[in-house]
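K.L.:
Below: one structure in structure tokens.
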Amino acid sequence: MSETTSTNKEKKLVLNGRRAIPPNNSNDEENEVPEMEAFGLIPRGFNPRDYLRVEDIYMFKDPHEINKQEHHTDKYYNPKLIVRRGQPFQIQIYFNRPYKPETDQFWLEYLMGRYPQQNKGTYIPIPVGNVLKPGQWGAKIIHRENNSIRLSIMSSTTCIIGKFRLYVAVLTPFGILRTRRNSATDTYILFNPWCQLDAVYLDDEKEREEYVLNDVGIVFHGNVEDVKSRSWSYGQFEENILDACLFLMDKAELELSGRGNPIKICRVASAVINSRDDNGVIAGSWNNTYDYGVAPSAWTGSVDILLEYYSSKQPVRYGQCWVFAGVFNTFLRCLGIPARLITNYSSAHDNNANLRLDFFLDDEGKVDTRLTKDSVWNYHCWNEAWMTRPDLPVGFGGWQVVDGTPQETSDGMYRCGPASVQAIKHGHVCFQFDAPFVYAEVNSDIFYTKMEKNGTQVVESIDTTHIGQLIVTKEVGGDGMIDITEEYKFREGSDEERLALETAVMYGVKKQSPQDTTYQPQKDVDMDFQVQKAVLGNDFKVTVTFRNKSRNSYTATTYLSGNIVFYTGVTKSEFKKHSFSAKLEPSSSSSFDIVIKSSEYMSDLLEQASFHFFVTARINETGKILAMQKATVLEIPILRIKTKGELVAGKEMSVIVEFTNPLKQALENVTLRLEGPGVLRTIKKQFGRIPMNSTLTWEVKCIPMRPGLRKLIASLSCDALRHVYGELNVQIQKP
């Protein structure tokens, strides 16, 4: 079988009647370029040595030299020249004799891929002229000395992103002489947020430093009531990461000519980041079993994942939303597209995109898990990428939502975006791509519906404020959190919010109005409940509060259901059922406490230590039902990190990680990971057993390479305990 498939692969390149040349969608493949391209018969006495000949090309490609300094690419751990488009860079050419402009003629050629073509932007001949025009390819001589000349070269602001091969061509009367193929002169060209004519131009220097050059970020998780944060190492400048990111575009088979367009790049990348339907980078797993792979919570950054994929070409196991978003952020920043990681708390996963999540209740007011298909994720992470949108009307450029987590298909593949944040806020969801889906994630309503025996549905209660309560990202230049909810939606209940909703419905977002269903809300009794903040392994309480605003006495049959859930809101098991009857006096409030014991939840606990509580109450006198749900996350112990020795670039230092087991049980098969961009590569260590209350200490020696403020990030993972993190900022001195 394997033999036939491999021959089929070769046959795939056979030309068909529709194209003159095969698709050109690999940056890695090359074509043969002749060193002597003759114009006809070459006379016998012809000796190429008699003509101008290139002896050497100097690329100014070291981190401290002019090109990488001026192009903000000095942090890339890559020996080749890396420049940003639309901005001049310099090279020096050494000839076999002084260059004579009157008689000598030479030009540069940049090539990409197997089938370079000038009209596709994959073959770029650059004659040497007198002036450089902004935003267009060109070259001019800025210095001549002995046998050498120095050139300033300008690339186009719409140039393809990727690795180009450089040749210098010299004209002779009998043909064109070219330099030999030399990979040392390969030139990477990236997006340029510093250039006003580039589609990804960002005008604030602090934002460029954060969204393009910062190689560490923060992931916010937990839930609305209890926001938690952890660091993530993007590592976009680490060794081989740039090549790995370019490989992703080859893997997605994005035509080379489309690679200058950030919209196309984001669209194909959102599909190739997940492994569904194209064997992409990360395989998702949401079921708490991670055999033959790494638990999503154990990763500390993107580098290991991208390098493993680049070498194995097989999906890396396993990821959940923040892992997809972390790796996607690395990809975008590495190529020069400004990007940030976003967390949406109480994110709707609405399977039929009708802006309504249906939770079905049975006769007792309990949620019926058989009928309920929609879910509320405690949080969901996606990315925003910054770019102009010439394909949309004016005003919809700027931040665009892109999401690599496989949730729903879009045009037949698991991908999402780019969708304009501005268009989502104003309800203009007709503009591509996938705006209705993102609009629903932040704007849906929750309907609690009771199924009557005769099949009719009665809506018992509607919660319009639960979904998309808080949307956040990391602040610029610090580790704090900024609330960007206002960028996605107007204030709940404002006129603008109503108008945006009407616009979205006009553009085809389905929304059933309460009039379509029988619904009379309960007006005279309010119910709320609070979950006490609790540390993993301890007891805590849930307090249910009723406010009776009427002059009548009521009794409420109240039911609390405590579930252990995945952070996606999907239930694993119900660990607590509790019913009680509450007497509600007229015009007064009353509270009831329910104690949750650690013995009730510890055995079934999932890695994010997430609970989901449903409280439903039936007012016996009126038959009306009140319903409410909340998620809560336990406090998880942290890792402590400290350093020993001098913190100087090039000198050995020690990093010590400590952890005390807080559980009433021993931890088995524990994995620790430690990484810090510019300080140390990821290191893993297995520990067989940590008894209860005992402390584990792990010391790692390393030699930091780069001076400056750096971050160390550690994680601990085992079946009984996950999402254990620690971090430490370290200032590495110059030697």
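Just so you know, glycine gets a Cβ as well, placed from its N, Cα and C.
All annotation found in TrEMBL is predicted automatically rather than curated by experts.
Annotations per TrEMBL:
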type: ACT_SITE; residues: Cys321; note: active site
type: ACT_SITE; residues: His380; note: active site
type: ACT_SITE; residues: Asp403; note: active site
type: BINDING; residues: Asn443, Asp445, Glu492, Glu497; note: Ca(2+) binding site
type: DOMAIN; residues: 313-406; note: domain 'Transglutaminase-like'
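I'm curious about the neighbourhood of these features; can you describe it?
P.N.:
For Cys321 (active site), applying a Cβ distance below 8 Å and a minimum sequence separation of six or more within one chain yields Trp377, Tyr379, His380, Cys381, Trp382, Thr405.
In sequence order, Ser270, Phe324, Ala325, Trp382, Asn383, Arg415, Cys416, Gly417, Val438 are the residues near Asp403 (active site), counting only same-chain partners six or more apart with C-beta under 8 A.
Counting only same-chain residues at least 6 apart in sequence, those with a Cβ under 8 Å from the Cβ of Glu497 (Ca(2+) binding site) are Lys489, Phe490, Arg491.
Per DSSP, the domain 'Transglutaminase-like' (313-406) is made up of 15 helix, 41 strand, 38 coil.
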K.L.:
Tell me, how many other CB atoms lie within 10 A of the CB of His380 (active site), whichever protein chain they belong to?
P.N.:
28
K.L.:
Taking the mean position of the Cβ atoms of Asn443, Asp445, Glu492, Glu497 as the Ca(2+) site, which residues outside that list, in the same chain, have a Cβ no more than 8 Å away, listed in sequence order?
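P.N.:
The answer, listed by sequence position, is Thr464, Thr465, Ile467, Gly468, Lys489, Gly493, Leu501.
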